[in-house]
Amino acid sequence: MIVYFIFKSWYEVPVTSKNPKVLWNGKGVYYWLWKLVRDEYENKRGSAIAKIVGNSVLKYPQVFQPVVPMWVFEEIVEGKNHFNRYLPNIKLPGNIVAVPDIVETVRNATILIFVVPHQIKNVVSRNAKAISLIKGIDVNVGGGIVLISEVIKDSLSVDVSVLMGANIANEVAQEKFCEATIGIYKLVSIILGYADKNNANVFQQLFHTDYFRINVVNDVAGVELCGALKNIVATAAGFADGLRMGDNTKAAIIRIGLLEMRRFCKMFYKGIRDETFFESCGVADLITTCAGGRNRRLAEAKALTGKVK
């Protein structure tokens, strides 16, 4: 299988004085603090996961091609396999190759890893598998919400899974232990080392390492929505920190926030599993983000100074 990393920071859209940088297509439900940090965050996270993937494909030569093309802006690569700007002192595996031309390279891909989506319809194989790391949701024109994985699936006509969890990019790149949750549509038995074409086995082999523990669940919507909604709760936690309201208040925000996340998810997707909220993508990611995430820090700064810079 040929793994391909789709890794751009943001969509290029019409620029206005009120909207100098719109993420993706400008219709996503992203609260205002998030927009200020999203660009650098995607670059860090994409680089950290690329390191894992680059090493994993070499472990399973019977399953994966050894070279992983990574679509990036040319100017962010500073020397061979080194992204100094986003992960200082972290060197990517030698089989990660930065590629500026997405159309030509993606034609032969059989696995697509999305950090930020792009319109590549009509050049992707219908047999390709895709996995999205994007944390966000879109608004349905007729009402309701649309998952980014659904947007990718509808645009490219490929099967799309998602990866979310409590995994801060710098710590992942430093190989500190963490967990992640992969949501797929069809869950089957997972046997490491066994080459199988189903998504669970393929993605387990691709991402699981000694320090990056993967659990696969049959719940794409639940996993994906947890990854998006936890940032809103983290913003509230940051405001509480900035107002010096104490740990008890912050704990209440996290508890109530988790309940509201569950209620919101089930309002739009009835089949979401309760167990998903106890995975790394759920309560673990929520705790991590409320403790040390950028959204929490920005909200704290806003409460303290009235400014976000």
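Backbone N, Cα and C define each Cβ position, glycine as well.
TrEMBL: automatically predicted annotations, no manual curation.
Worth saying up front: this structure is predicted, and the values here are computed from it rather than measured.
The active site, proton acceptor annotation in TrEMBL covers LYS230. The DSSP secondary structure for LYS230 (active site, proton acceptor) is helix. With a 10 A radius on its CB, LYS230 (active site, proton acceptor) counts 29 other CB atoms from all the protein chains.
Under the heading NAD(+) binding site, TrEMBL lists PHE73, ALA169, ARG294. Secondary structure at ARG294 (NAD(+) binding site), taken from DSSP and collapsed to helix, strand or coil, is helix.
For LYS135, ARG294, ASN295, the entry in TrEMBL reads substrate binding site. Within the same chain, residues at least six positions away from LYS135 (substrate binding site) with a Cβ under 8 Å of its Cβ are MET164, GLY227, ALA228, ASN231.
The domain 'Glycerol-3-phosphate dehydrogenase NAD-dependent N-terminal' annotation in TrEMBL covers 46-184.
If you look up TrEMBL, you'll see 219-303 marked as domain 'Glycerol-3-phosphate dehydrogenase NAD-dependent C-terminal'.
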Taking DSSP states H, G and I as helix and E and B as strand, how many residues of the domain 'Glycerol-3-phosphate dehydrogenase NAD-dependent C-terminal' (219-303) are helix, strand and coil?
73 helix, 0 strand, 12 coil
Give me the Cα-Cα distance between ARG294 (NAD(+) binding site) and LYS230 (active site, proton acceptor), rounded to a whole Å.
12
For a quick check of packing: other C-beta atoms within 10 Å of the C-beta of ASN295 (substrate binding site), how many?
24
Cα-Cα, whole number of Å: ASN295 (substrate binding site) versus ALA169 (NAD(+) binding site)?
14
